[in-house]
């Protein structure tokens with residue numbers, strides 16, 4: 001009997017903020033299970049979930065609009081602590097008798113909050129002190145509207161020069177509201193505030209740990225598939241590798257891993273995957289050479305969304321064919337993780353926009369013949385890596401930079417051709433090799449090369465050549481929801497450029513991408 005790791009849990013109501021998923025990630029980092037639901041849940045659903053506490057997220061709407069989202073009134077009647085963040089604070093204030101107004105002074109970015117009154121939420125938490133000894137907190141604001149009157153049974157805990165009610169509290173009911181975003185790293189003490197709310201005020205134990213998550217996942221897999229056989233597409237990436245190890249632990253030889261060499265992989269990746277999982281870990285692996293099939297399906301296609309859908313469709317076709325060669329395979333396992341789901345579809349509030357479909361999610365056809373097993377779909381990337389370490393996977397593999405499911409299919413811009421993939425593989429291998437040699441690989445969060453379908457004139461010796469262009473991309477990020485371009489040294493970039501142009505015949509120019517996320521995404525397609 002596995003321990004109930006969902007015993008203490010936090011319910012996060014999503015009002016559509018771009019930061020909502022970060023709130024969930026922070027709560028999980030504190031060792032507490034949480035779920036992210038749409039704001040318009042019913043009282044019965046909340047009762048059934050039985051949360052230890054509720055967090056109301058931020059959102060893009062204005063609480064002053066007549067039809068703007070509101071928290072279910074039961075949230076404030078359930079007898080559990082409630083923490084409103086930004087929009088969540090504003091709707092809490094309005095619903096409990098306070099007042100919110102639109103403001104000409106939009107507060108966006110860094111702000112300093114002065115703590116005026118003692119509160120369980122921020123007691124003993126400070127970044128600095130005022131001249132008269134009052135605590136100051138460095139926070140990140142992102143709001144237009146602001147609370148102009150708090151409910152009568154609340155007190156003002158903190159304020160800024162332009163925001164008189166930056167933190168409000170009803171200590172007796174354990175209701176708290178903050179006008180800033182504690183979940184983002186720019187709010188320096190934000191994690192401590194969330195910890196104070198989740199662990200102390202809600203009294204949640206740290207039951208959500210890698211070892212316990214593994215036990216729970218193994219039990220769920222066994223319950224879902226029983227004695228059925230499962231097929232998994234194993235790419236050697238973090239997500240599919242951890243999925244393979246979890247399934248191997250749960251069902252052993254009833255798992256067949258299919259390694260599809262689709263012609264869209266990194267240099268020497270096929271050999272590395274077969275060696276590690278076949279020879280070292282002893283998993284049952286079928287190697288399927290399918291480069292020609294994928295490239296034929298992609299021929300003539302320039303649209304990024306269409307390419308992702310094609311790659312997803314052909315993957316499923318290959319899996320179906322391999323499954324038919326085996327007896328009674330009823331389940332297709334995938335390494336879908338929580339950010340895949342978040343980025344691929346609008347949130348249940350309908351406020352988030354579809355950015356791109358992931359081949360693990362949006363690219364799967366409705367007529368897929370097998371059931372889906374997705375043991376990682378509620379986990380963030382950092383949780384997946386920690387689970388992988390617990391399962392015995394090597395650190396270097398788990399902390400390798402992310403690689404997209406469609407592979408080079410979305411790193412070759414426009415039409416995908418074998419010639420382009422071969423050039424890109426070699427250029428990318430040089431970039432990664434030089435990053436490791438310069439001890440820069442672990443200092444950036446993700447680095448890769450993009451093939452641009454653009455020819456540029458170059459000079460080699462006494463002759464001119466007219467060859468292809470590649471772009472180097474390196475970013476720094478904590479959560480992959482936002483990212484800064486990495487300021488790599490000029491001499492390093494020059495060395496990489498020289499090597500690529502001299503060693504990869506067919507590339508005449510190398511550029512460096514200096515776009516952040518937002519407005520750009522990390523991948524080009």
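Each position is counted from 1, following the chain as shown.
For all residues, glycine too, the Cβ spot is worked out from N, Cα and C.
The structure displayed is predicted, hence computed values, not measured ones.
As annotated by Swiss-Prot, domain 'Glutamine amidotransferase type-1' applies to 9-207. Averaged over the domain 'Glutamine amidotransferase type-1' (9-207), the predicted model has a pLDDT of 93.
Under the heading active site, nucleophile, Swiss-Prot lists 86. DSSP assigns residue 86 (active site, nucleophile) to coil in the three-state reduction, outside any helix or strand.
Residues annotated as active site in Swiss-Prot: 181 (among others). Listed in sequence order, the residues of the same chain lying 6 or more apart from residue 181 (active site) and placing their CB within less than 8 Å of its CB are 19, 58, 85, 86, 139, 140, 141, 142, 187, 190.
Residues annotated as active site in Swiss-Prot: 183 (among others). Residue 183 (active site) falls within neither a helix nor a strand when secondary structure is assigned with DSSP, and so counts as coil. Around residue 183 (active site), the C-beta neighbours below 8 angstroms that are at least 6 residues distant in the chain are 19, 22, 23, 25, 26, 85, 190, 194.
The domain 'GMPS ATP-PPase' annotation in Swiss-Prot covers 208-400.
Positions annotated as ATP binding site by Swiss-Prot: 235, 236, 237, 238, 239, 240, 241. Look at residue 236 (ATP binding site): DSSP puts it in coil. Within the same chain, residues at least 6 positions away in sequence whose Cβ sits under 8 Å from that of residue 236 (ATP binding site) are 259, 269, 272, 273, 276, 277, 397.
Taking Cβ-Cβ distances under 8 Å and a sequence gap of 6 or more within the same chain, the neighbours of residue 241 (ATP binding site) are 234, 277, 335, 388, 393, 397, 398.
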